[in-house]
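First up is the structure itself, then whatever we jot down about it.
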Amino acid sequence: MSDYLIKALAYDGMARVYAAVTTETIKEAQRRHDTWSVSSAALGRTMTGTLFLGAMQKEDQKITVKIEGDGPIGPIVADSNAQGQIRGFVTNPHVHFSELNEAGKLDVRRGVGTSGMLSVVKDLGFGENFTGQTPIVSGEIGEDFTYYLATSEQVNSSVGVGVLVNPDDTIEAAGGFMLQLLPGATDEIIDEIEKNLTALPTVSRMIEAGETPESILAKLAGGEDKLQILEKIPVSFECNCSKERFGSAIISLGKDEIRSMIEEDHGAEAECHFCRNTYDFSEEELEKLYEEAK
């Protein structure tokens, strides 16, 4: 099944809800970055949470999330847009612990760390950026997105994200949900939401069992008939890097730096952090970039 995201309204229009299956997307991220179990879970959760923030944006806007904890994984970066395109990377892809956490799951909190910051940069187009930042409160990532939305954007939300990793480090299931209360929600509605959230199985297990974004939202809303589906968005790992972009980056280094690349290295190789694609620049190509540099 191809990955996709569903946007809907629930609870008589008093809650905005999103759910996504991201299994194939996170499989692609794992393949590109050769991530081990805990790094895979942390990267997959971050990418899925970022996907939801991207889905809240207008057509030409982009969102970048950076989670910088004090754990061995190091900074995690993901970006997404309103079209369901997502990419991400983790500083240390090779984190695996032989022990599970007290809940019998991969110890993502230990990998990410419990001290640090979650930063969100919204590229609003026209060269305008909005930046929000909140401390890491959990290291489990879903709770950290929830705290960010409540604190920085003043939206009471619940974010659940999960990745099921096989013993051979391949990805079995990935996805998540996000629920946001809208103004006017009554105490009765809030009680019902809390009851349904408590009864919800873990996201990765639901997806492993074959649940779809629609069926996850039906569980969250207390029935299919209580959902008003607004939009279905295909989701995929997409990177917009190119040799031209890296060429521009090399030009920005200045003539001295480019000259040393030519004379000492006789060329250059650039690698994209997000997708691991590499771009080779010959001496001749560097000479052309040298002429364009200041």
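The first residue you see is number 1, and the count goes up from there.
Backbone N, Cα and C atoms are what each Cβ position is placed from, and that goes for glycine too.
Positions annotated as disulfide bond by Swiss-Prot: CYS239-CYS241 (among others). In the three-state DSSP reading, CYS241 (disulfide bond) counts as coil.
The annotation disulfide bond is assigned in Swiss-Prot to CYS272-CYS275 (among others). Remark: CYS272 (disulfide bond) has CYS239, CYS241, PHE246, THR278, TYR279 as non-local neighbours, by Cβ distance under 8 Å and separation of at least 6 in sequence.
Note: CYS275 (disulfide bond) has non-local neighbours ARG32, ARG87, PHE237, CYS239, CYS241, i.e. same-chain residues 6+ apart with C-beta under 8 A of its own C-beta.
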